[in-house]
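Shown next, in structure tokens, is the structure this report addresses.
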Amino acid sequence: MQVPESSLAHLSEWQRDAFVLSSGTCLPQQKAEVYRAHLAQIQYAWANSEISEASAVHLFKKYAEKYSAIIDSDKLEIGLNNYADSILTLAKCQRNESDKWQSSLTTNNVLKLKSVQDMAVAGRRTQLSKSSADASVRVGNGINTSGYSAGLGNNVLRNSGYTVPHAALSDCQMPGGSANFLQKPKISAFTIANTTSVANTSSNTLINNSISMTSSLMQSNEDKDPASFSGHMFLPTTSVHSGKRKAYSALGNESSDIKPNPLVQRQLTNKEATCESGFKTAKEQLWVDQQKKYSNQPQRNPSPLYGGAKKSLGAARSRGLHGKFVPPVPRQEDVQDSNRKVYGQGNSEMNAPSDERLKNIEPKMIELIMSEIMDHGPPLNWDDIAGLEFAKTTIKEIVVWPMLRPDIFTGLRGPPKGILLFGPPGTGKTLIGKCIACQSGATFFSISASSLTSKWVGEGEKMVRALFTVARCHQPAVIFIDEIDSLLSQRGEGEHESSRRIKTEFLVQLDGATTSSDDRILVVGATNRPQEIDEAARRRLVKRLYIPLPEASARKQIVVSLMAKEHCSLAEQEVEAIVLQADGFSGADMTQLCREAALGPIRSIQLMDISTITPEQVRPIAYIDFQSAFLVVRPSVSQKDLELYENWNKTFGCGR
């Protein structure tokens, strides 16, 4: 009897898994994968009626128990973290800023919980019930402005209306010098006559010893529970002061003002700072950031968070139809004006720009332009750009070498002010601009047309002027403008005045009466619509290089470079066939073709196996995957567009 091929395949997989389980070097992850494969094979065999239902139930239960034993185990030797791999795979490319996280779970927040407060109240009641005597001491004198008790003694005034239990006082252990400062009272209350004598005899002692008592009390309670400490030793400020006034008015004595103790206030401020909650609102965090940012500047006040001090919102001031609108969030100009008023003349040197050429440029524009500097990312080499040998050779001669050796390339050998890269989309114009900056060691500015435009009249030309001023301070510099046709399009009658002024300022800064021939600033523009560029801009962009579609050798280089990073099985003849069939594809189209072919092995996997298969079990990329990809990916450039580029290159281009 001949066994079907499918049964032989399942038998082979079952035997291979059995050998994996029997080996002594099998990891928990491998065991779990084997048991998952067994469960899937059991379901598949039962669905095809290859085994009976009873056998399927028995085998499924057997291997499900073994699988759950591995998954549910907490031991690292035999257990498996079933979620770590997928989570780490998703999170490995994400930025991790856990050092800036702030936990809101603090001791202060826990003590505010109702259950914790109930436990504290129950504990105090139990402690009071166990006390041998229920003595009450009236507190009235020696209270500073922070609400902290600074004047407790053997006998104090009783008219404040605030009672401190003896159990609370017994918890406070004083140093040797103040051991007799707080003692257990022998009677529960005092008469008015005794109070008069107490006020005359112990007031000086209380005032003189307030500093030593409060400092000792803070040290003795440093490590205790903040809740019990605050509940026993902090008194209500309003009731205490009112009781003090009543006591002195009843006795007929003149009240003497006791100034707050600066030592106690400093200690209380530090105590409150340590107990501060970890959570901060956006307003508080902004205030803290401003304090940190300007902490090194003397006599500086925090800038207003929402508007200036003289501005108001809501019904605080009436505004008619012609009233001035006050924004809820201050503009950058308002914040800078208020900061300049607060800093005074002492910080004029600190606020001065580092370069004299930037002193007339607004700081916000300088910051915006500096944020456009591309000084990050992997460096690019000329070999990373497939094909385009004529364009790369020309750029090396007229751009890279003059920037590397400005002493040799002087006079007529000097580099041009601008280069225009035109051609179909997806041919590598942006890569050439980045490679120019990397190979020449220049500062690379990647500017879009939207970065130089503004809705405010006059801001656009200021931004263009600031761009070239900052570039002159960072020479050699390369200003790359992608889709330059949107910025320097042809000027017409119906054009807006602000757009015309931006173009005029750009052309003047690029090559005008105020520019210097010694400036090593190169403007590289890329476009796929060269016919829409203004004539004056076309004259200033001296070198106009046509970036055509990749040739056969360039397409082969793209395929080989992309497939070298993947698991594929392509022969040399198959690669040649793919290159010939991809005639008319741009560089971006070739990349999309390889992406689509790389998904072919994934699409061949059945849906029920996608959750159990390992990356090693995915078959390599084959020639049939590229054939399927050609049915989906089409060239993005038509023959009519290619003829347009060819004609414009013959008229205005610099050869090929």
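Each Cβ is built from the backbone N, Cα and C atoms, and glycine gets one as well.
It should be emphasised that the depicted structure is a prediction, and the values quoted were computed from it without experimental measurement.
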Exercise. Among ALA386, ALA471, ALA477, which residue does Swiss-Prot annotate as binding ATP together with GLY426, THR427, GLY428, LYS429, THR430, LEU431?
Worked result: ALA386
Seminar exercise, completed: Neighbour count check, CB within 10 A, over binding-site residues THR427, THR430; minimum at THR430
Seminar exercise, completed: The sparsest Cβ environment within 10 Å, among the binding-site residues ALA386, LEU431, is found at LEU431
Exercise. Which residues, in sequence order, are found in the same chain with Cβ within 8 Å of the centroid defined by the Cβ atoms of ALA386, GLY426, THR427, GLY428, LYS429, THR430, LEU431 at the ATP site, excluding those residues themselves?
Worked result: ILE385, LEU388, ILE432, ILE547, GLY587, ALA588
For this session: Work out the three-state DSSP category of LYS429 (ATP binding site).
Result: helix
Exercise. Record lists ALA386, GLY426, THR427, GLY428, LYS429, THR430, LEU431 as binding ATP; longest Cα-Cα distance in Å?
Worked result: 13
